[in-house]
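Listed features, source TrEMBL:
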TRANSMEM  41-64  transmembrane segment
DOMAIN    53-321  domain 'G-protein coupled receptors family 1 profile'
TRANSMEM  76-101  transmembrane segment
TRANSMEM  121-141  transmembrane segment
TRANSMEM  162-185  transmembrane segment
TRANSMEM  205-238  transmembrane segment
TRANSMEM  259-282  transmembrane segment
TRANSMEM  302-324  transmembrane segment
Amino acid sequence: MGWGDMEPRNSSAAGRSDACFGVFNASDGRDTAQNSITSPWFSTAFGLIGLCSNLFALCVLLSSSRKLSSRARSSFLVFLCGLVVTDFMGLLVTASVIIPYHFIKFTWAEVDPGCHLCNFLGFSMVFFGQCPLLLGATMAGERFFGINHPFSRSTSISKRRAWSIVGLVWGFSCLLGLLPVLGLGRYTLQYPGSWCFLTLLPDTGNVIFCLLFALLGIFSVLLSFIFNTVSVVTLCRVYHDRESVQRRRDSEVEMMVQLVGIMIIATICWMPLLIFIVQTVLQQLPASSDQLQLLPPETQKMLLIYIRMVTWNQILDPWVYILFRRAVLQRIYPSLRPRPSILSLYPVLNPSLRRKLTAD
C-alpha cells in the first residue's frame, strides 16, 4: 500500500502538540513505483514465516532442554528460549495491528484519536526490538565468563537465575519503551501509515530518546562482538593445545557457533537502522521544531527499508539454533563427537578439585 491510500485527515493532526499523526505527508508520494516497497504482502509473508520459524524453534528448544544435565548448556538454552519467545511475541503483537491495517485500511485519526493504539505499537517496536540485542549481549557475556573462568562458582548459572536475568532484560526494555509515554519523546505514525515508531524530528525529547535507543543497541552489538571474539579465541587456543586437542567437547563449540550466528545476524539487520537513526537526528539538530514538522520523503522511505531489514532478524534468529544444533553440525563435520566437559580442557588440576567440580 502506498501513500495514496492514506486519508488526508491523518496529516491534519500534525498541528496538535500531542498528536501521533502527521510526521509524514499523506498527500505526497502517490507514485505507484513505491507500491513494491509498501506492499502488504511484505508484512504478511514476513509475519507468517517468522511466527512459524520461532514456533518450530521453541518446540525444538523445549524438547532439547528435557534431555540436558549440563548446567552451562541448560542456562544457555534458557537464554535462547527467552530470545525465541521474544521474537515470536514481537512478530505476533506487531503483525496483529499492521496486517489488519493493510487489508481493512482504517483511518488512524478516527480509530485511534487518543493515540493509544499508536503508542502501544510504538512501545512494542522498541521493546521487542531492544530485547534481542540485550539478550544477545547477555548470552555472549555468560559464555565469556563460562569459558574464560570455568571454575568460578559465580559463572555457574542455574535455570532459575537465568530466567531471572531474562526477566531483568525484559523489564529494562519495558522501561525504555515506556519513556515516550512518560514524556520523553513520542511515538508517531510512520510511512506508509501502517506502523508507529520513535520520531526522528529535531526537538529535544525526540533526539534524546532516539539517541538512547540507537546507542544502547549499538553498544549491545559491540559488546556481543567483543565477548564472542575473546571466547572464540580462547576456545581456539585451548583446543589447539597439544595435551587437550583430543579432549575437546562439542557443546562449547555448538554454543559459540550459535552465538556468533546470532551476533552476525543482529549486526547485519540492526546496525544500518541504528546508525541511520543516529545520523538522521544529529544532522537535523540545527533545524528548529518549527522549521521541520515533517520527515523528508527520503527519510521516510529509508526508515521503512531499514525496518524491513530488522524484521529479518526475528525470522533468522530461530534458524540459527535449528540449523546449528549439535546433531546437524555432526552430519556436516563428523569429527564432532560427544566428549568430556570443558574441565578436560584444563588437564592440570588438583584431583580433589576436579572431583568437586565434576560433582557440581
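The backbone N, Cα and C atoms fix where each Cβ goes, glycine too.
Annotations in TrEMBL come from automatic prediction, not curation.
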Overall pLDDT of the domain 'G-protein coupled receptors family 1 profile' (53-321), taken as the mean: 84
Chain residues outside the transmembrane segment (205-238) and at least six past its termini with a C-beta under 8 angstroms from it: 126, 129-130, 133-134, 136-137, 139-141, 143-144, 147-148, 176, 179-180, 183-186, 198-199, 244, 252-253, 256, 259-260, 262-263, 266-267, 270-271, 274-275, 277-278, 280-281, 285, 345-346
